[in-house]
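Shown next, in structure tokens, is the structure this report addresses.
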Ligand SMILES: NC(=O)c1ccc[n+]([C@@H]2O[C@H](COP(=O)([O-])OP(=O)(O)OC[C@H]3O[C@@H](n4cnc5c(N)ncnc54)[C@H](O)[C@@H]3O)[C@@H](O)[C@H]2O)c1
């Protein structure tokens, strides 16, 4: 059979070469001269496993070669002379006019890209049809034999008739138009063509369908004969169904992440259902792309629209797919919020493995957005580099996957190339600057990646949540703890235990244990006597008993929000993170002075640079000093730094944090959403005592741990106190009430000019002006607090509380600064009792 194939793209070339391979004489035609030049030399312009070998083979083999008898039946086509031994099976040409008249079957396999409105652009098909008609018209009447025009391109329903009309316009000889949609997959195109699940032949002419069926006979595949329109619809319906099933499983994957399921196992379970099938398209990933699915789904929606039918499922699939493409970057942004100047390695641009095709690949959008965010992108794709360079000439390409990963802040995997699956993971870990891998193809085992120390994000699979031990140090079981425990057992995480560490097991503790038994939580809660030691020592003590790999410290007078651990734990996916802290928010049900105390810490003026620690708002940030009331730390990191600096309390966490950040080189993350509620001191006097205690330590630490405690903001209250004293001194020395605030013409230091007639300002007036500014600051805080709490009295009382807080802190800080050895003054100096 003499066959012409118009279009040497992914479909046309594979079709032509495979038809030659099964014994036909095939001429592949393309308007692209560069392609034809290459092909004539036996070079494939596209990458498809085994394609180039087949081209070379069939370029040299004579037509009969290994052809089976079945694929050639001279009686079927009149005028077909028996094979000429010298003619080659496969040829390539730009000359459509010459090749078409000599062929009995003409395949149209040109592109049908999408138009702006989503409908199929048929211009290439129309041009091909016109060219066929014009070329055939040139045949002398006596040579005009029967032709079959086969539409292999994916086209809207009714296009077969259009092709027929266009050919007829020029050619009045005998011909039929048949639809023979192609179902091959890029990446396994040769195999798919040679071993199709089915061959669909649609047309109105039985003769044409029979001849074509014979052509495909060597493939021994089921053949479905239909009318023209049905065949055209089968292709659109198949592609749309497959795309929808990917969108479906991607939605399932997103849900799996939320509920703690594993999408790969879900898909495996679904595939066991024979109605779904073991080859069902259920691989969750970064969204579908490629030259077919996006345009075919949109075209079918458009066809439905033109026929006044809503295809809502396909609309939803398209929308889901757009969201899915953003999934990768969304994950990356949460873990690497600042991408500017970050080096991102990207493995795989091709829309799927086995091809160099990057059309509509999710990677394109991702590269674009990474570049827009200022990231430096280093790409590796074993086959698609050339095609990617055409779109992103500015992007750098590596020669290997590991070279791309070298020194990268994160690695994104977008194509499931088999060589990526075989990568040496320990080596990869060593090469990456941060072992953060966002895997859009679920290539690796989650547990293995976790064990190797990767921060590994994959699609719809759970990051292996580590077990958490909640540690509550206290003197003895008290009412606060009873308030806290229901909240703790309401935490939306399964893998945790609670370690309560009283001084001894007395009546209260025994009561608690009985209650735990009654409420069936005894296996989740341990109560262990530590002897009379300080809270910091109790926290270290917990290291001996905790079975979790993360320790979460909570004060007994604090209780957590239900998502406390879930929120905090996500940061531990990053192996560089050693600890996570969150705000200690004042509970809504607090006494008046507790609320005042909380308001002081929260207020802009009272809390200063540390106010974020009391507010569940603001941004996730790195910190280098954080209190342990709401603090999670990797057990391993706590062990590495030798536990808390338990000679200090409070402030035992300052040294620990400094060591984590500056000795271990690990991160402490503050997440405002990892909330615990912390009771404040019940009276103003207790509040001030607490402030004094904090400030003495901070002053002492300013000398001892200057890296994190010698900060200007900590000195501000002391300077304020100094200022107050100076003002008071000035007032006393000048005589209260007799010194004018603003002196006209004489007295005080003259600011600015010699001219005696100018206004001059005395130091006292400056001092009082600053006090006025301070008073304005207080007023702003009063309004802020009153407004926030809708409580004027609370707002008003916050003003003196802030003032006193500043005074006490200012004094305490100086005391701490001048203290030689704070240790000896601290409580709880005893060593931990024997466990
Ligand atoms: N790529 C796939 O995996 C796949 C699978 C099944 C079906 N299809 C469908 O097959 C058709 C072809 O797809 P493709 O990916 O091979 O397209 P492609 O864009 O890779 O190739 C089309 C080729 O046709 C050539 N061409 C265009 N007009 C021509 C003309 N008038 N004369 C000669 N050559 C001409 C182009 O130069 C190009 O080389 C499309 O309708 C597509 O939807 C594609």
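Just so you know, glycine gets a Cβ as well, placed from its N, Cα and C.
Automatic, uncurated: that is what TrEMBL annotation is.
Record check: TrEMBL places 30, 35, 112, 154, 295, 359 at the NAD(+) site, and the matching candidate among 186, 322, 386 is 186. TrEMBL annotates 183, 184, 185, 186, 281, 282, 283, 284, 285, 289, 352 as substrate-binding residues; of 115, 138, 235, 421, the candidate listed for that same site is 235. Here the transmembrane segment (713-732) has long-range neighbours at 608-609, 695, 698-699, 702, 739, 763-764, 767-768, 770-771, 774, 805-807, 809-811, 813-814, 817, meaning same-chain residues at least 6 beyond its ends whose C-beta is under 8 angstroms from one of its own.
Each residue contributes its Cα atom, and for residue 186 (NAD(+) binding site) and residue 292 (active site, nucleophile) those atoms are 10 Å apart. Through the fold, the transmembrane segment (792-817) approaches residues 592, 595-597, 599-600, 603, 605-606, 684, 687-688, 691-703, 714-715, 717-722, 724, 778-779, 781-786 of its own chain, all at least 6 residues removed from its boundaries and within a Cβ separation under 8 Å. Within 10 Å of the C-beta atom of residue 112 (NAD(+) binding site) sit 23 other C-beta atoms, taking all shown protein chains into account. The distance from the Cα of residue 235 (substrate binding site) to the Cα of residue 292 (active site, nucleophile) comes to 10 Å. Ranked by Cβ neighbours within 10 A across all protein chains shown, the recorded positions 282, 284, 292 are led by 284. With respect to residue 295 (NAD(+) binding site), the closest of these binding-site residues in Cα terms is 183, chosen from 183, 282, 284. Listed binding-site residues: 30, 112, 154, 284. Those with a CB atom under 6 Å from ligand 1: 30, 112, 154.
Residue 35 (NAD(+) binding site) carries a helical DSSP state (H, G or I). Secondary structure from DSSP puts residue 359 (NAD(+) binding site) in coil.
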